[in-house]
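Swiss-Prot lists D90 with the feature active site, nucleophile. Per Swiss-Prot, substrate binding site is recorded for D125, A193. Among the features that Swiss-Prot reports, Zn(2+) binding site is placed at C276, C278, C281.
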Amino acid sequence: MSAIFEILDKDAGGRIGRLRTPHGTVETPTVMPVINPNIQLIPPKEMRNFGAEILITNSYIIYRKEELKSVALEKGLHGLLGFDGPIMTDSGSFQLSVYGSVEVTNEEILGFQQKIGSDIIVPLDIPTPPDVHYRRAEEELAITAERLEAARKFIQSEQLLAGPVQGSTYPELREKAASHLKDLNFEVYPLGAVVPLMEAYRYAELVDVIAASKKGLSPASPVHLFGAGHPMMFALAVAMGCDLFDSAAYALYAKDGRYITVNGTYHVEKLNYLPCSCPVCSKYTAEELKKADNREELLGKHNLYATFAEIRLIKQCIKDGKLLELVEQRCRAHPKLLDGLKKLYTHSSWLEQLDPATKGTFFYCGPESSSRPEILRFGKRLDRFSLQGSVIIRTGSVKGEKDYDQILTFKAPFGAFPVEMEEVYPFNAEVPKFPDYESLNTALSNTLKLIDLNPEAEFTFICEEEFKHPLIEEIRKRAKLVYRKDWKKE
């Protein structure tokens, strides 16, 4: 494990960690509020009041403006912003993505960040946008690789050096880039050029980008999802192993009169009530907030409170082993987020390697829960059950079951398992009495596999009449099938 990053707790791909920097230790996952050196809606010194432990600002803006540059060189970055905690600096790559060029070299901006005392330095990489031709993505990735190799040789101080992972929307390029950077031993790994995906709500593709990048990195590496600032998607990103986010949304949205919640964004003019209990929303009514002279500042503060409240909830869910339940709740806030959730579970084999083998009670939240790592893990381990003689499978206790050699409980979305394991994780799951189609499909598929793995056993399957599914007929071909209402022990 990296000496500067310590993982304390894990759930799914998410983790609570400690990131050590020259200006203090930061607990992750967390958000870095973006500070515009020219326009500060909320002073950096007040950011701790909202829960911020680390900030991010743009070194290129400071470098290009002489009055900011001179103060930063004289007093340091922390003196310029009036913040004594860790500060990360971007290099100008954002301006490069917007304007197509910047008036600084990689070595110049690296040296400037080092001189002003940035805690996390970012090289001048090439942010290749989504959907470009493969050749362009490959060529720009090669330039980025050269710059990052030069940066690794250039920065040898105690300051942390970030190695941005690029590769556009090509998973193979993302994984290749991440694997290369892993060998260079950067301290932080930002995933770059993903803002266009988030702005277009292309969460399924974002999931693929994150997964590919993570597969190329060490599991112990801290990962920063560049430009992710809306709390509605934090849980999904954390579950995939993202540790750091940065948010300019709190200020940009406030300027446009937008009010952030974990379920989406409201325009304040359309709000009759404030669905929040932060200090701002507890003090003002919706009408008072609309008419306030400092409305932009108040909205910015609310947006920060809402952002960090979600981070705290995510951390608690990691502690409780409930992160995926939160992800499934949050991803129902928008159809495109639901696409992201479904895409996440296509990576369940990878996620299962990261997910703890034991944790809190499994809660079934909907059809997507059937694809969770716990279910996949159970399906992989069916060959561990050796069954002989007469075997009864039932959803709940039935008369005469003790006459059988072995008793199995049937519980969707798992399938059949020994009755002795009913109170053991994950079989102590909270599930609906009547399973949906996807849940039943997974459970019956696993049951068929279990029956086929034990050809010497004679199976009796007692199920509910409500179990309407084509696989029931496949069960009937391999076992004696009786509906519970018809069960009579002779």
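Residue positions begin at 1 at the first shown residue.
Placement of Cβ uses the backbone N, Cα and C atoms for every residue, glycine included.
Structure coloured by features recorded in Swiss-Prot.
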| residue | record | Cβ neighbours (10 Å) |
| --- | --- | --- |
| D90 | active site, nucleophile | 27 |
| D125 | substrate binding site | 28 |
| A193 | substrate binding site | 28 |
| C276 | Zn(2+) binding site | 17 |
| C278 | Zn(2+) binding site | 17 |
| C281 | Zn(2+) binding site | 20 |
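According to DSSP, the residue listed as 'active site, nucleophile' sits within a strand segment.
A Cα-Cα distance of 38 Å separates C278 (Zn(2+) binding site) from D125 (substrate binding site). The residues near the Zn(2+) site, meaning same-chain residues not in C276, C278, C281 whose C-beta sits within 8 angstroms of the mean position of the site's C-beta atoms, are L274, P275, S277, P279, V280, S282, H302, Y305, A306, in sequence order.
C276 (Zn(2+) binding site) sits 32 Å from the residue listed as 'active site, nucleophile', taking the C-alpha atoms as the reference points. The two recorded residues, D125 (substrate binding site) and the residue listed as 'active site, nucleophile', show a Cα separation of 10 Å.
Annotated pair D90 (active site, nucleophile) and C281 (Zn(2+) binding site), C-alpha to C-alpha distance, rounded: 33 Å. Taking CA atoms as the reference points, A193 (substrate binding site) and C281 (Zn(2+) binding site) are 34 Å apart.
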